[in-house]
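Heads up: the structure comes next, in structure tokens.
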Amino acid sequence: LLQKVVTALDRTWHPEHFFCAQCGSFFGPEGFHEKDGKAYCRKDYFDMFAPKCGGCARAILENYISALNALWHPECFVCRECFTPFVNGSFFEHDGQPYCEVHYHERRGSLCSGCQKPITGRCITAMGKKFHPEHFVCAFCLKQLNKGTFKEQNDKPYCQHCFVKLFS
């Protein structure tokens, strides 16, 4: 009496006894993957044992980017705020997550209140905001102000001259 058998994992199996150790399904044309002497279908093997993406937490099966102590699907390694890819490979890290330059500075509170662009050099802090020195200007005459020589009205800075002219 001859029966069909499957030889795998250094053993011989009845076909009905050779199935995925996790979900119990029989192996199709894609075969099986082995881990610690057990056979798994492709889906369960990768769900259980493949490295997970730092962006979506799904299994990484092929191409990946290694950054910020994690592996990422290329399509998942994008700015956490605007989801824009890093075309030149340059990104900024904040709390372990990747950001484009604008959103990195927005998170850190280092965008200029005058132009909404990142401040990387000198900075003036006034009225609870940050400015490039050249963007800290009188709201009326647009003359550049110094930190200690302005008056504030309705959350806007004014030079002494314009403040007196407008509000006295």
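Every residue, even glycine, has its Cβ placed from backbone N, Cα and C.
Those TrEMBL annotations? Automatic predictions, nothing curated.
Feature annotations, reproduced from TrEMBL:
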{"type": "DOMAIN", "residues": "1-50", "note": "domain 'LIM zinc-binding'"}
{"type": "DOMAIN", "residues": "51-110", "note": "domain 'LIM zinc-binding'"}
{"type": "DOMAIN", "residues": "111-168", "note": "domain 'LIM zinc-binding'"}
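Mean per-residue pLDDT, taken over the domain 'LIM zinc-binding' (111-168), amounts to 93. Residue counts for the domain 'LIM zinc-binding' (51-110) under DSSP (helix as H, G, I; strand as E, B; rest coil) come to 11 helix, 17 strand, 32 coil. Helix, strand and coil counts under DSSP for the domain 'LIM zinc-binding' (111-168) come to 11 helix, 16 strand, 31 coil.
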